[in-house]
Every structure is written in structure tokens, then in C-alpha cells.
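Novice: Before I ask anything, here is the structure I am working with.
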Amino acid sequence: MAGTLHRLPTVTPARRLAWRAGAIAAALAITTLFLALSGRDPRLLADLVVRSAVGSRFGLEDLALFLTPLLLTGAAVTVTGRIGVWNIGAEGQFYAGAIGATAVGLFLPGPAWLVLPLMAACGIACGMGWILLPALARAYAGVNEIITTLLLNFVAGLLTTYLAVGPWHDRVTGALASTGRLPVRIPEIWGVVHWGFPIALAIVLALAWLTTRTRWGYQITIGGANDQAARYAGIPVRARILGAMLLSGGLAALAGMFEVAGTVHRLQGGLANNFGYFGIVVAVLARGSCLNVLPAALLMAFILDAGIVLQTQQLTASAVLAITGLVLFMIAIADELAHYRPVTVRRATTGAEARP
Amino acid sequence: MTDPRHAPADGPPPIAPGTPPILQLQGICKYFPGVIANQDVSLDVAPGEIHALLGENGAGKSTLMNVVTGIYQPDGGEIILDGYGQSFAAPQDAIRAGIGMVHQHFKLVPAFTVAENIHLGWRETPFRASAKTLESRTRALSERFGFSVRPDAVVADLSAGEQQRVEILRVLARQARLLILDEPTAVLTPAETRDLFRALRAFRARGNAVILISHKLDEVIDISDRISILRAGRHVGTWRTADCTAAGLATIMVGREIVRRDLRARAPGAAAIARDPGAAAPVLSLRGASCRDARGIETLRDVTLDVHGGEILGIAGVAGNGQRELTQVLTGMMPLSAGTVLLDGAPVPLADPAAFARAGIGHIPEDRLRSGLAPSLDITDNMALREYARPPIGRHGLYDRAAAARLAGTIVAAAEVRVPDLATPIRNLSGGNQQRLVARREIRIASRVLVAAYPSRGLDIGAIATVLRYLTDLRDQGVAVVLVSEDLEELLNVADRIGVLFHGRLMATIDAATADMETIGLLMGGRSAPNGPTSGGGHA
């Protein structure tokens with residue numbers, strides 16, 4: 001290498017966006033390469049993906065259904081990220097929310113206008129309860145929240161399966177793997193897309209306002225940027241960590257409630273479908289900004305949607321995870337490389353990321 | 001303890017004439033960008049000698065020892081060991097050559113046992129290292145070198161003195177012949193100090209050498225054979241301890257060309273010191289204030305002081321003698337374990353920094369990037385740190401970014417800092433500009449008191465003059481200023497009274513106009529002032 005690299009202290013949004021676009025292109029190029037090597041016609045597949053995912057009404061409806069939980073779990077992880085805490089447990093809180101909502105839906109008969117808000121409230125309370133212990137341990141004892149929230153995911157997943165095949169299982173049809181169909185449902189607004197979608201959008205916008213335009217949001221931002229400075233300014237950092245984590249748990253739980261009451265209509269094992277984990281991916285892509293959760297969740301939803309299409313073409317379901325990982329990996333590289341500029345030699349400004 | 005071979009029990013052993021010094025430094029220079037850390041330092045350490053190294057903070061002691069132990073490479077000069085030139089590419093080379101250093105902050109693994117710590121990263125550790133083997137080896141070492149340790153104890157459970165013995169034993173086990181101790185007695189009780197000195201004398205009696213860095217003049221005179229003094233990176237001189245007095249050493253150590261530029265003169269119309277009898281209660285007071293750190297060690301002991309409106313109270317002392325705790329107590333960041341904080345004569349029930357700020361107490365913290373700013377956030381967010389909850393920025397629980405930006409613009413203008421735009425992350429500014437911004441931000445808060453910890457640290461001369469002018473302006477407006485500094489020149493020029501901290505205790509508060517270096521130096525070294533011009537203001 002003849003030239004030296006110069007590190008830029010700050011990167012403009014345009015520059016970062018350009019690098020990220022390059023990263024996604026590179027990830028797609030690598031995916032294409034592997035599809036071609038495995039004997040498929042990438043052009044045909046790409047055509048199919050685009051036509052069925054965004055070129056058809058069914059594809060767009062599916063996109064919106066994927067987007068709804070991703071917006072909420074992505075926002076959940078982003079909110080804690082702003083105060084420097086990683087909620088890896090959105091998956092578990094999603095399940096907890098679904099369980100709480102199902103309990104109300106199954107055992108509390110009543111009109112939909114009354115039962116649905118109760119389901120949401122109970123679901124959110126369960127999600128908050130699910131994160132309460134890790135949040136208290138983190139705020140008051142400094143226990144690493146990454147481990148505690150993660151491990152509780154498995155507990156919640158198994159509890160859901162237990163309820164679905166055990167005490168709550170469907171006694172009408174005799175199906176063993178799920179509860180009976182819930183008597184109430186979130187009304188649809190467009191095809192299979194239910195009201196959860198616009199509500200999730202509105203919640204993300206409200207969170208963007210909450211985190212940047214309120215005193216609470218400012219305190220969270222300072223606490224996340226430098227907790228010593230926050231203490232110096234008299235910000236109650238522990239209470240803010242607790243509050244942000246509870247909010248996060250509630251958001252992920254609401255995603256679970258939407259999923260169970262709007263899309264699946266029954267509680268079953270595997271209901272969360274990794275939405276909690278994909279929420280982490282969304283948050284990483286969003287870089288701490290709730291507004292950025294919108295495009296990040298859209299990208300993630302598109303990848304999931306494309307995955308469905310690819311599965312109809314006899315590709316394994318793991319291909320989606322591999323593509324997600326590849327995109328994330330490339331974007332991580334691009335975010336870092338965006339800080340560098342070759343000083344003498346103007347070469348290798350674009351090619352670097354395409355090299356696997 | 002009598003050793004039949006030597007007449008004086010633990011005295012220096014007889015050394016054959018012509019024996020080369022264990023360590024000889026010739027013209028050592030070490031530069032950092034914009035700083036001369038060491039310039040032309042030459043000194044030698046003979047076998048069978050305890051050599052004390054004295055100097056103020058920033059005099060270059062640590063840099064010099066880092067050169068000797070191979071952590072830094074010198075930019076000039078030579079290191080000669082036993083008469084042969086040496087250069088250390090890495091700390092391991094220095095350890096192999098028999099130089100061992102015990103740092104002020106121990107470098108032990110708290111979760112490991114004593115035996116494991118001793119054997120960590122040591123080439124002589126047996127390949128099959130069972131706990132039993134390591135413990136019996138440790139016991140043998142402990143007996144051989146006369147440092148009693150408990151091999152199976154976990155380091156985290158040990159007292160500071162015990163941890164230090166482990167640290168020293170670890171160095172001695174690696175065949176150190178030159179032991180360097182940085183402030184070894186700072187964490188020790190008097191009994192532990194006596195034990196340490198007995199062991200050091202025994203070590204010396206075997207023909208080894210010790211370099212002892214200390215600020216405690218009494219101890220230095222008690223244990224050392226010779227004393228070298230560094231000042232501003234240069235070697236001032238080396239004296240036989242027998243020829244030295246504590247007072248003389250204090251004068252040499254701090255007695256550089258002090259430019260006494262009296263900044264005490266008030267501008268016409270400035271507020272007078274509200275200290276006369278009959279005046280209102282002092283703005284801020286401490287009564288018997290003590291606090292403890294996480295390990296339960298008392299870091300501030302029974303401090304009583306008054307700060308009056310319209311005066312600058314200087315706080316002198318060697319770093320780490322309670323200054324941090326004092327500033328944190330005065331600004332509500334740290335609760336007291338005993339005693340009270342009084343604001344306008346009324347006790348303050350709760351240590352709450354936000355409440356202190358609302359009461360008009362500003363705070364320029366010691367380490368501005370770590371505790372006074374959020375480096376990754378922009379100038380606007382950082383300047384709003386004190387006023388985000390008050391109108392016009394904070395109303396009805398909101399955070400008005402436009403109002404915050406206007407405030408930031410005001411502060412930037414008052415600080416006369418040129419910034420490209422207010423959305424620049426504050427870490428991109430120079431240290432001097434950061435300090436000016438923090439100072440102006442806090443001056444807006446300080447309607448009653450400003451507590452400024454090392455406000456001129458790391459600044460160039462121009463920026464220092466600016467920051468000191470801020471303080472005197474504030475004083476003239478009738479605000480009380482507490483100035484913590486390691487720069488005596490600054491304190492003597494600016495402060496009205498100077499309090500000296502030593503081991504968390506306020507040794508005395510003296511009148512700055514008539515203070516002399518010798519008295520301050522003695523107080524900083526833990527001696528009470530003989531009959532110094534102690535003013536009554538301190539212990540009211």
C-alpha cells in the first residue's frame with residue numbers, strides 16, 4: 001500500500017449512508033455468487049424475490065406483517081441502547097407479552113373493544129415483569145444485563161410451549177401444539193394487515209420524540225454517553241436504567257401481543273419467530289436513533305420476506321439467517337471503513353468492502 | 001534481629017571500594033509532545049543503599065522510573081547497570097536485569113490466591129502447577145525474603161498492607177536487586193509501615209538497593225541513605241540524608257522561581273470578603289466532615305472549614321490526599337460518613353448534585369472529559385447539562401433543543417471559543433477549549449460558590465490566565481471560590497487563604513499573602529507548621 005489511511009473523527013450521514021449502500025450491495029453480490037455456485041440462476045431468483053416481495057399485494061402485506069413486530073422489538077433494543085444497556089431478551093419479553101395477552105383473550109370473555117386493550121395492558125405488564133429482575137440487578141447491583149436477559153429468553157420460550165401443549169392446549173380441535181383460536185382479533189385495515197402496523201409506526205415516531213425532545217430522553221442520552229457526567233449533573237442514572245429497561249420490555253411484549261392477537265390468533269411454541277433477536281439487528285443498524293429504526297426494520301422485513309420466497313424455491317430456512325448475518329457483517333465493516341480516507345492514493349475507496 | 005556479620009544490625013553493608021553502582025543514569029531525557037518530562041537526569045544508586053526520590057507532582061519521577069523499568073525508551077542518555085550499558089526494549093528486560101517496581105496501585109489479580117499471583121507470568125513457575133506446589137513454593141519464598149504472606153489467601157480479601165507484601169514478594173522472587181517503590185506507605189497503617197521499613201533494611205543489608213518515591217519527609221529522613229530531588233523534569237541534586245532537614249528539603253522541592261503576581265487586589269467596587277465578625281454565616285461550611293471509600297478507608301478525615309463570599313480559598317496538597325473527596329463533598333456528589341455540610345449556616349440533609357447546583361454551587365471537575373462532559377455528544381447537549389431542567393430549556397418535562405442551542409451559543413461566545421458548529425462532538429475540541437466551556441457553563445451556575453478542581457491542568461499559559469481571570473472576576477462579584485490546585489504558584493497568586501490537605505486531613509489554613517513556601521511544603525509532607533502564620537479562618 002503506497003498511501004496511508006487517515007481516520008476521520010466524525011462521519012457525515014451521507015458518507016455513512018453511501019458506505020452502507022455499498023455494504024448491502026456487497027452482501028447481495030456475495031449471496032448471488034453462492035447461489036450461482038450452488039447451481040441456481042441468481043437472475044431468476046432475484047426477479048422472483050422482487051416480484052413477489054414488493055411487486056405483489058400479498059408480498060407487501062407480508063412485508064407489513066413482518067415490519068410490525070420488527071419495529072417494536074427494534075425500538076425496544078434501541079431504547080435501552082441509548083442508555084448503554086443491551087436488552088438481548090426482547091425474544092423472551094415478546095413471549096411474555098404473548099402469554100399475558102393470551103391469558104386475557106382466552107379466559108376473559110367480553111367485547112373486543114374492551115378485551116383488546118386489556119390484552120395489551122396485561123401483555124405489556126408481563127413483558128415488564130419479565131425484564132424486571134434483570135433491570136433491578138443491572139441498575140442496583142451492576143449485574144451484566146446481556147447474560148440475564150438472554151437466558152430468560154429460553155425460559156419464556158419453553159414456558160410458551162408448555163402452556164400451548166399443556167394446560168392451555170386447544171380442547172376443541174384437539175390440536176396438541178397450540179391453544180384454541182382467540183375469540184377476539186385486532187381488526188384488519190388492509191388485507192391481512194391489522195391495526196398493529198400503524199400503531200407500531202406511531203409508537204416508533206413517539207419514541208423518537210421521547211428520546212430526543214423530552215427531559216427523560218435527555219437524561220437517558222447523557223447517562224448512556226457518560227454515566228459519570230450524568231451523576232455529576234445529578235441525573236438519577238439507576239432509575240433511568242430501570243425505566244428504560246421496563247419500557248423496552250413493554251415494547252417487546254406489545255409486539256408479542258400484536259403477533260398473537262393480530263397475526264397468529266393463537267399461542268403456540270416458536271411464536272416469536274426470532275423477532276426478538278432480529279430486533280437486535282434492527283437496533284444495530286439504527287445506531288441508537290429511534291427514527292432510524294424505520295428504515296432498518298424495513299430492510300430486515302424485506303430480508304425475511306425474501307427468505308420466504310427463497311424457501312419456496314427449495315432453499316433452506318437457514319439461508320435467511322446467513323444473509324442477515326452477511327448484511328450485518330458487511331455493514332459493520334462499512335461503518336468502520338467510513339471513518340477512513342486514503343490520503344495520498346485515491347484508490348480503493350469503493351472496492352474494499354466487496355472483497356470478502 | 002542481629003546479623004553477626006555486620007556491626008549495625010540493619011545498616012548499610014560495607015561495600016568494597018571501586019564497586020560500581022547498581023544503577024547509574026547518565027543524562028536521561030524523555031520528551032512527550034509539548035512536554036519535557038525528563039531533561040538530562042543523572043544519578044546513581046549504590047549497592048546497599050536506600051535512595052529516596054523526591055519531587056512535586058509532575059516533576060518527572062514517574063517518567064524516570066518508567067524509563068528505568070523499560071516501560072518507556074529514553075530519548076537521550078544512558079542506563080548503566082553494574083557498570084555495563086543497558087537498553088531495555090520491554091519491561092521484561094528490566095525484570096530480567098534485576099529491576100523490580102512496586103507501583104502505587106497494585107497490579108495483582110484480586111480473584112487469585114497469593115500463591116497464584118506470585119507465580120503468574122513467571123518463567124520459573126513449574127509446568128505442573130498444582131495449588132499445593134505453588135503454595136509451598138510461596139511459603140519458601142516468603143521465609144527466604146522475610147515477607148510473611150498467607151499463600152492460600154485470596155488477594156481480594158487482603159488488607160492494603162498485605163497486598164503490598166505480595167507485590168513486593170513477587171518482585172523479589174524474580175531476583176530483583178534494585179527495588180523501586182512508588183509511594184509505598186500511602187496505603188499503610190503506621191505499624192505496617194514499620195514492618196515494611198524493617199524488611200527494606202534487611203533487603204539493603206544483603207547488598208541490594210532500593211529507590212523510594214515518597215512525599216512524606218519524615219519517613220524519607222528516617223529510612224533513606226541519600227536523597228535526590230527532581231524539579232520540573234530536571235535533577236536538582238543528591239544529598240546524604242544525614243545532612244538534610246525536613247524544612248530544607250521542602251524548600252528545595254517546591255522552592256523554584258515563584259513569580260508572585262498578586263491577583264488578590266480587588267477591582268474598585270468589588271465585593272469585600274464576607275468574613276468580618278457580624279457578617280452573615282459563611283456560604284458553605286464543613287463541620288467534622290469525613291468520608292470513606294468503597295474499601296472502607298477514610299479518605300477525608302474530620303475536615304472543618306468555612307468558605308466566605310468574595311474570597312478564594314486555595315486547597316494545596318500532593319494529589320490523592322483527599323482533594324477529590326473534598327470537591328465531591330462540597331458539590332453534593334459524595335455523602336459524608338460523619339460530620340455535616342452547611343449551606344448558609346443550615347445543614348444540608350442529602351448529597352444531591354442537582355440540588356447543590358440549584359442552590360448556586362458550580363463545579364469544575366478534576367477530570368473534565370471523564371466526569372464533566374459526555375465526549376461523544378455535541379456541544380449543545382454538553383452545555384445544557386446543568387440547565388436542561390430549567391426554563392427556557394426544560395419546561396413541562398420537555399427538552400427544548402432550540403433553547404439548548406441558544407444557551408450553548410451564549411456559553412461559546414462568553415468562553416470566546418471558536419467552533420465550526422454546535423453539533424460538533426465535544427471531544428473534537430482541544431482540551432483548553434473544553435475547559436473554557438466547562439468553566440463558563442459552571443460560572444453560570446455558581447451564583448454562590450464555585451468549586452474548581454485543577455482548572456488549569458493541561459492548559460497552556462494563555463488558557464490558564466483566562467481561567468484564573470474567570471475565578472477572580474467571580475470573586476469580585478461576591479461569589480465564594482474554592483480552588484484546588486497542585487500548582488503552588490497559582491495558589492499563592494490567586495488565593496486569599498490556603499488550606500493544605502494531607503492524608504485526608506486539613507493540616508492548616510494559612511493566609512496566602514504572608515504564606516511561605518517552607519511552611520506549605522512542610523504541611524504537604526505531613527508536618528504541622530512550626531509556628532506558621534496560621535489564620536483562624538480555617539478551624540472556625
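Each Cβ is built from the backbone N, Cα and C atoms, and glycine gets one as well.
Keep in mind that what you see is a predicted model, and the values were worked out from it rather than measured.
Annotations per TrEMBL:
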- A:17-37: transmembrane segment (TRANSMEM)
- A:63-85: transmembrane segment (TRANSMEM)
- A:92-108: transmembrane segment (TRANSMEM)
- A:114-137: transmembrane segment (TRANSMEM)
- A:149-169: transmembrane segment (TRANSMEM)
- A:189-210: transmembrane segment (TRANSMEM)
- A:241-258: transmembrane segment (TRANSMEM)
- A:278-303: transmembrane segment (TRANSMEM)
- A:315-334: transmembrane segment (TRANSMEM)
Novice: Do the transmembrane segment (A:63-85) and the transmembrane segment (A:241-258) come together with 3 or more C-beta pairs under 8 Å, pairs six or more apart in sequence?
Specialist: yes
Novice: Counting only pairs 6 or more apart in sequence, are there at least 3 Cβ pairs under 8 Å between the transmembrane segment (A:114-137) and the transmembrane segment (A:241-258)?
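Specialist: Counting Cβ pairs under 8 Å (6 or more apart in sequence), the transmembrane segment (A:114-137) reaches the transmembrane segment (A:241-258), since there are 3 or more.
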Novice: Report, as numbers and ranges, which residues of the same chain sit near the transmembrane segment (A:315-334): CB under 8 Å and 6 or more residues beyond its ends.
Specialist: 19-20, 22-24, 26-27, 30-31, 278, 281, 284-285, 299-300, 303-304, 306-307, 353
Novice: Assess whether the transmembrane segment (A:278-303) lies in contact with the transmembrane segment (A:149-169), where contact requires at least three Cβ pairs under 8 Å among residues 6 or more apart in sequence.
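Specialist: Output no: the transmembrane segment (A:278-303) is apart from the transmembrane segment (A:149-169).
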Novice: Per the definition of 3+ C-beta pairs under 8 A with sequence separation of 6 or more, do the transmembrane segment (A:241-258) and the transmembrane segment (A:92-108) touch?
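Specialist: In this chain the transmembrane segment (A:241-258) contacts the transmembrane segment (A:92-108) - 3 or more Cβ pairs sit under 8 Å.
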